[in-house]
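K.L.:
Below you will find the structure I want to go over with you.
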Amino acid sequence: MADTQYILPNDIGVSSLDCREAFRLLSPTERLYAHHLSRAAWYGGLAVLLQTSPEAPYIYALLSRLFRAQDPDQLRQHALAEGLTEEEYQAFLVYAAGVYSNMGNYKSFGDTKFVPNLPKDKLGRVILGSKAAQQRPEEVRDLWQTCGDLMFSLEPRLRHLGLGKEGVTTYFSGDCTMEDAKLAQDFLDSQNLSAYNTRLFKVVGQEGKSHYEVRLASVLNTDPALDSELTSKLKRYEFQGNHFQVTRGDYAPILQKVVEHLEKAKAYAANSHQEQMLAQYVESFTQGSIEAHKRGSRFWIQDKGPIVESYIGFIESYRDPFGSRGEFEGFVAMVNKAMSAKFERLVASAEQLLKELPWPLAFEKDKFLTPDFTSLDVLTFAGSGIPAGINIPNYDDLRQTEGFKNVSLGNVLAVAYAAKREKLTFLEEEDKDLYIRWKGPSFDVQVGLHELLGHGSGKLFVQDEKGAFNFDKETVINPETGEQIQSWYRSGETWDSKFSTIASSYEECRAESVGLYLCLNPQVLEIFGFEGADAEDVIYVNWLNMVRAGLLALEFYTPEAANWRQAHMQARFVILRVLLEAGEGLVTVTPTTGSDGRPDARVRLDRSKIRSVGRPALERFLRRLQVLNSTGDVVAGRALYEGYAAVTDAPPECFLTLRDTVLLRKESRKLIVQPNTRLEGSEVQLVEYEASAAGLIRSFCERFPEDGPELEEVLIQLAAADARFWRNQAQEAPPGQA
């Protein structure tokens, strides 16, 4: 059997997302709006399979055909007859649920591959003897032959998502290196093109020159009809001695389905902002235009306090090894009025709270752009995983000048972050009951501060295309050096393009640090209803949760490649290092032996020193983060951040050794079962499923009732068309490539 870090355990937690009450309160028109937005999101989410691994689309198609022909209970009887044990069949159900939940065979949180926890020959017998194989023997056999070996393979290069010899990614062809990614980013910057909706494919010509295709996601392919923005960009280029060609049409048939349902949703929009937003999204996905998506995002920002909230597109860049390309994501949710009222009070206090942050006024936005901040109950979240909160859009220019929205996903928090005492690791016994009582409430506070005042704070110093600066170059002083500002963002440069591989984690670290820092403010705690001893407990558990998370983060560090696979967890490890560096016994991490005789560890936080030791240390660190962020000082920013993110076996913590303990004691991330919506006549019904691996599988089997087989064929064709770019992916990269 495989190493436990590459399997999903049979007892993995599975929870159903409860949005019944919020959905019940929607009007018939709001339900229709939510239904078509959900359909658009689910169709678009299929693109994630093509953004993850070469085999993911084939695995999805194989599983979908298998379970459409026989539901999990029916297939169980066949599997047991083929010689599988109950445990082996459950392992297969968990694997299938994991593929659906992560939209691929790599974990959305950590980017680690997971494989079925049963023998390959046994699974092969189940598949080839299934009802699906009896109905379409050649198709099922071909799918199994195409993806079976890769499904189980744990060749070193295939264990993690990454670029070059560090892992596999389908954002880039298999022979691309980090140097190719940097060259492509320079090319995109030179043409004022965004990387968000692109993939990069490389071919080396007979003359030894590299030929790069930058492919935009769009419904249209080469047809320039009705297009004014991109026609001039779709051509061949010579750039730094290499050939580039900009094309479009990536995921075209999938995006066509997205567009169809966005058009249908427009008929049920609540106002002109929503109508114009959807029209621009349709334009973006049809033409491949990020500028159109930005325009849609502007209307979305202006749509304050909607009953049905949504966002869709190529959004988060966490899984691009270079940090610039967005994974497709779409969510639909409904307002939770009680928690939203607290967030409204936090927004009302934001301008005052921003003054508490430890950097000069010149390093803050000229004007705080009051955002929408709501707590939502999620109906649909299509993509590779569901976060606890979101601050969007991610476009730097919009965030700096036009604003953003903050979203806390209340029903996700309720199921994903519930803690059971018997499964709590790395805490002192006396902390466990307090942790269980206050983890949820403290996380509400942290998410609110993280999203609103973490991601929502700070100014980027920019020189525009006309040479004008958005700061006073003569008078603004760098508080770290006492000198005038020496670096800034040039026209066309963004945070992601400039800081690339560390951009996401650095920004998450800044936001998490702001949350920890401001949760010490009594005004914040009062907004959330905490005073006196309760407020002190919320602070303590919030800080304790962060340092424990920093230790748990070691699961997502790969010693062989000396890199991190998850931005949020890297950020939390950095904060742990900062607080350990503060000294005076504020935080200690002590190896121990568990009651089972195996290695264990304990995290201790001295609550009496949070303000006297922790706050000053965090203040110094936060100021440095923001100054380097504002000035775009990549060299110093990398030195600071990568220094704290380094994992060594230096005493006293010996983190590399502790990593083995973390892997030994790790708890798998829960799988979340989402409902479906079904249109029956003119009414929309909510369809819910049981909280189990089988329930999750059923939810996906019923997700595309009209065109499931057609979609699977589309995915197979799209994957096969580009398969040549990842042949021999499991082999080691040629010398010199990284």
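Keep in mind that glycine also has a Cβ here, set from the backbone N, Cα and C atoms.
Because TrEMBL annotations are produced automatically, they should be read as predictions rather than curated entries.
Summarising the annotation, TrEMBL assigns active site to GLU451. Residues or ranges marked as Zn(2+) binding site in TrEMBL: HIS450, HIS455, GLU508.
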K.L.:
Excluding HIS450, HIS455, GLU508, please set out which residues of the same chain place their CB within 8 Å of the center of the CB atoms of the Zn(2+) site, keeping sequence order.
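P.N.:
My list of surrounding residues reads ASN391, GLU451, GLY454, GLU507, ARG510, ALA511, GLU512, VAL514, GLY515.
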K.L.:
Could you check the binding-site residues HIS450, HIS455 and say which one's CB has the fewest neighbouring CB atoms inside 10 Å?
P.N.:
HIS455
K.L.:
Going by a 10 angstroms cut-off between Cβ atoms, which of the recorded positions GLU451, GLU508 has the sparsest surroundings?
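P.N.:
Ranked by other Cβ atoms within 10 Å, the recorded positions GLU451, GLU508 bottom out at GLU508.
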K.L.:
How big is the Cα-to-Cα gap, in Å, between GLU451 (active site) and GLU508 (Zn(2+) binding site)?
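P.N.:
Cα to Cα, GLU451 (active site) and GLU508 (Zn(2+) binding site) are separated by 10 Å.
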